[in-house]
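Undergrad: Structure in structure tokens, see below.
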Amino acid sequence: MIRVAINGYGRIGRSILRALYESGKRQQIQIVAINELAKPEAIIHLTQYDTTHGRFQHKVKLVDNHMLIGDDAIKILHEPDAAKLPWREMDIDIVYEATGVILDRQSCEAHIHAGAKQVLISHPSSADVDGTIVYGVNHDLLRAGHTVVSNASCTTNCIVPVIDVLDKHFGVKSGAITTIHSAMNDQQVIDAYHDDLRRTRAAGQSIIPVDTKLARGIERILPHMKDKFEAISVRVPTINVTAIDLSVTLAKTVDIASVNQVLELAANGRFNGILGYTDEPLVSCDFNHDPRSSIVDGTQTRVSAGQLVKLLLWCDNEWGFANRMLDTSLAMIAAKQS
């Protein structure tokens, strides 16, 4: 049994916990502790009730500063200094680092010094970590000596499996990406101050361009794609599910049917459970709570002049990513034991 702790219990932290109990991986992973500065009553309430994902299927109670879920008792901590967390006493194998602010190796090593054996960051990180993993594409690079690993981003997990499939079958020469991302909690409900002037504006009233490092994230997973991609991102007034508009120039001549065929085969084969394919006339809310990293919308595939291909990809940017956190952590332990 892997003993884990969650540091930072926001959207991703709570999704990780709920995904664990819904995924069938609870027999492999035990959440021992949650470190979150919010009040325990709020932690319990937001675990039980969620606007996006609905009510948690298990009853959650607060007893003696523990979250009780069935027979499981999860210690609730409120420690702002990661170096002071009781990971050694709790025998923590992996910390899910989900604060969104501890993103480099030196900061993550505070967890290691506190006694945790490994750290998995739920965010793109600095380049000095042991590895940035998109599960299903490069998790085989994990090694026993890796202590600090990044799970990349939800959009990197969405797009990289698709690029990988296209490159292996047709060769990818270059690409351009537009991420159409649901609003996030770094935006404002009504106009208010923010360092990014666009994010001073009400999230529910505008389509808001934001910076993205997605293209650089692709390069970290697929180094041979260096300088071949650029990306922009806009936030839209929905609370969950993201679409990615991907345009790629291929080395081989293709048509819509051949592109869709290789993606559907990959979804049913090598990337089963990670990549999906649909030809139904669906909309974003239909992918809410979908555990896969990416779903190709085959109805929107377009080909121009035989080599320029446009695709529409969907992902639940919370739930799919949380499930990959679980998968990557299991792969880290497997590598450590090999």
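Every residue gets a Cβ built from N, Cα and C, even glycine.
Pulled the feature table from Swiss-Prot, pasting it below:
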- CYS154: active site, nucleophile (ACT_SITE)
- ARG11, ILE12, ASN317: NAD(+) binding site (BINDING)
- SER153, CYS154, THR155, ARG199, THR212, LYS213, ARG235: substrate binding site (BINDING)
- HIS181: site 'Activates thiol group during catalysis' (SITE)
Undergrad: For the substrate site as recorded (SER153, CYS154, THR155, ARG199, THR212, LYS213, ARG235), determine the largest distance between any two Cα atoms, in Å, rounded to the nearest integer.
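TA: Between the most distant Cα atoms of the substrate site, 20 Å.
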Undergrad: Within 10 Å of each Cβ, count the other Cβ atoms and name the one among the binding-site residues ARG11, ARG199 with the highest count.
TA: ARG11
Undergrad: Measuring Cα to Cα, how many angstrom lie between the residue listed as 'active site, nucleophile' and LYS213 (substrate binding site)?
TA: 12
Undergrad: Taking the centroid of the Cβ atoms of ARG11, ILE12, ASN317 (NAD(+) site), which other same-chain residues have Cβ within 8 Å of it?
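TA: In sequence order, the nearby non-listed residues are GLY10, SER15, SER122, CYS154, MET184, GLU318, PHE321, ALA322.
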Undergrad: Report the same-chain neighbours of THR155 (substrate binding site): residues 6+ apart in sequence with Cβ closer than 8 Å to its Cβ, ordered by sequence.
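TA: In sequence order, the residues whose Cβ lies under 8 Å from that of THR155 (substrate binding site) (at least 6 apart) are THR179, HIS181, THR212, LEU214, GLY217, SER233, THR242, ILE244, CYS315, ASN317.
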Undergrad: Where among the recorded positions HIS181, LYS213, ARG235 do you find the Cβ with the fewest other Cβ atoms within 10 Å?
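TA: With the recorded positions HIS181, LYS213, ARG235, fewest surrounding Cβ atoms within 10 Å: LYS213.
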Undergrad: Tell me the Cα distance separating ARG11 (NAD(+) binding site) from LYS213 (substrate binding site), rounded to the nearest angstrom.
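TA: For LYS213 (substrate binding site) versus ARG11 (NAD(+) binding site), the Cα atoms are 21 Å apart.
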Undergrad: Need one number for the NAD(+)-binding residues ARG11, ILE12, ASN317: the maximum pairwise CA distance in Å, whole number please.
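TA: This binding site's residues have a maximal Cα-Cα distance of 10 Å.
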